[in-house]
Amino acid sequence: MAAAIGVSVPVLRFLLCLVATIPVSFLWRLVPGRLGKHLYAAGTGALLSHLSFGFSSNLHFLLLMLLGYASMVLFRSRCGIITFLLGFGYLIGCHVYYMSGDAWKEGGIDATGALMVLTLKVISSAINYNDGQLKEEGLRETQKKNRLIKLPSLIEYIGYCLCCGSHFAGPVYEIKDYLDWTEGKGIWSRSEKGPSPSLYGATIRALLQAGFCMALYLYLVPHFPLSQFTDPTYQEWGFLKRLGYQYMSGFTARWKYYFIWSISEAAIIISGLGFSGWTESSPPKPRWDRAKNVDILGVEFAKSSVELPLMWNIQVSTWLRHYVYERLVQKGKKPGFFQLLATQTVSAVWHGLYPGYIIFFVQSALMIAGSRVIYRWQQALPTSMGLVKKIMIFLNFAYTLLVLNYSCIGFMVLSLHETIASYASVYFIGTILPIILILLGNIIKPAKPVRSKARKEE
């Protein structure tokens, strides 16, 4: 079966367990009692991990979870930073030991990917418990919403971390939401106004999306292999053909992630956890934002690089914004390039220590900063110059398309030599262009658009 679909046996085992999270998540709804649900969430998560990655994976997961929980019990006032350092330290150690990126390129897989998701859950739990003892006045809205006043029990904590195999590919969600969902509180309360949302339509949509994504990926991948970048014939091509091949390589690779995230989305929706409230339309429709990890059309047709973190790996981007980016901003000051670069660096380290990851996320910071310059110029144009504004919007779209697919080659090939070679083959256009825009942005500073008095008061 593995040979029939062109994957290795370990990858097939992972895919089968990933798909199994859908019925496992559905059955969670039938388990009686809060304790029963926590035990089921933890037990099924551990079983799926064992079947997919082997016995050692659960030892890694257990050690990481216990490190986080111990810091919450023993050092509440510092448990956030302690768990952040311990969690990332342990993850980096596993990245170095397993060098999983090489395995992934060769068709293998290990538990490191699941450990990455688990690390974010463990860290956010500790930070939210840390926030629980702070005064509300100095907290942001997300901190107020997610903070933990009371320490969760160990089984609640492990149930959250391993819930029905959601650590396989995400999405990352908050422990407060998990506890409310399990206990039938908040938007999951039976006393809440409005009917219970139907899960099946949204689940079927996610499954159809997954099937389309896998079919397209399997069709494209033989035509655009990464090995082409080291083939001598690639260097013989003209500039535009090489640039076009980079675009198609990035485009092809993304459908693999779209497939995996669509499956995980279906699992979270069918469990009920993915429900995030009702729209304000008439009649109201259920929203499933908590389950969503990607907006495919939003990524492929992003008008600006700034939009990409809101469309790609959405829940991890949200985690990085809440637990890294916003917490680096000093009170009374605006975030700048330092906060952006630091956040992208944390994201790079989270993925692994391969040069390709580091370069890609530094490139991402440059790409976003350059896109912001174009947007500022566009916003400064008067309303009478509607055509010029539309041209600027198109230029930002084209810039995003070019730099994104140029940059993501490093994410895919990983090695320093291959990354530099692929960038050099198109004369580092995706690096030079953002830098030029950033420099020009410091020279050509358009006047800020005039805002109304009412808008200023807002």
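Glycine is no exception: its Cβ is also placed from the backbone N, Cα and C atoms.
Automatic prediction, not curation, is the source of TrEMBL annotations.
Nonlocal intrachain contacts for the transmembrane segment (12-31), taken as residues 6+ away from its ends with a CB within less than 8 angstroms of a stretch CB, comprise 1-2, 5, 37, 40-41, 44, 48, 51-53, 109, 164-166, 168-169, 203, 207, 260, 263-264, 266-268, 270-273. For 12-31 (among others), the entry in TrEMBL reads transmembrane segment.
Taken from TrEMBL, the feature transmembrane segment covers 51-69 (among others).
Non-local neighbours of the transmembrane segment (81-99) in the same chain are 60, 63-64, 67-68, 71-72, 75, 110, 112, 115-116, 119, 122-123, 125-127, 323, 346, 349-350, 352-353; each lies 6+ residues outside the stretch with a CB under 8 Å from one of its CB atoms. TrEMBL lists 81-99 (among others) with the feature transmembrane segment.
The transmembrane segment annotation in TrEMBL covers 111-130 (among others). If you look at the transmembrane segment (111-130), the same-chain residues 6 or more away from its ends with a CB under 8 A from one of its CBs are 49, 52-54, 56-57, 60-61, 64-65, 67-68, 71-72, 76-80, 82-84, 87-88, 90-91, 94-95, 98, 100, 143, 146-148, 151-152, 157, 160-162, 166-170, 172, 174-176, 316, 319, 322-323, 350-352.
Among the features that TrEMBL reports, transmembrane segment is placed at 151-169 (among others). Panel annotation: around the transmembrane segment (151-169), residues 14, 17-18, 20-21, 24-25, 28, 35, 37-42, 44-46, 48-49, 52, 61, 65, 69, 72-73, 113-114, 117-118, 121-122, 125, 129, 175, 178-179, 182, 260-261, 263-264, 267-268, 271, 273, 293 of the same chain, lying at least six beyond its termini, place a Cβ under 8 Å from a Cβ of the stretch.
Residues 5-6, 22, 248, 251-252, 255-256, 258-259, 262-263, 265-266, 269-270, 272, 274, 286, 288, 291, 296 of the same chain sit 6 or more residues outside the transmembrane segment (199-220) yet have a Cβ under 8 Å from a Cβ within it. The transmembrane segment annotation in TrEMBL covers 199-220 (among others).
Sequence annotations record features per position, and here TrEMBL assigns transmembrane segment to 257-278 (among others). Listed as Cβ neighbours of the transmembrane segment (257-278) (distance under 8 Å, sequence separation of 6 or more from its ends, same chain) are residues 18-19, 21-22, 24-26, 28-29, 163-166, 168-171, 173, 177-178, 181, 187-188, 194, 197, 199-200, 202-203, 206-207, 209-210, 213-214, 217, 284-294, 296, 313.
Marked as transmembrane segment by TrEMBL: 348-370 (among others).
Sequence annotations record features per position, and here TrEMBL assigns transmembrane segment to 391-414 (among others).
The transmembrane segment feature in TrEMBL is assigned to 420-444 (among others).
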Positions whose Cβ lies under 8 angstroms from the transmembrane segment (348-370), at least six residues beyond its ends: 88, 91-92, 95-96, 100-101, 112, 116, 119-120, 305-306, 308-309, 337, 340-341, 399-400, 403-404, 406-416, 418-419, 430-431, 433-435, 437-438, 441
Distant-in-sequence neighbours of the transmembrane segment (51-69), which means Cβ under 8 A and at least six residues beyond its ends: 13-14, 17-18, 83, 86-87, 90-91, 94, 109-111, 114-115, 118-119, 122-123, 125-126, 154, 157-158, 161-162, 167-168
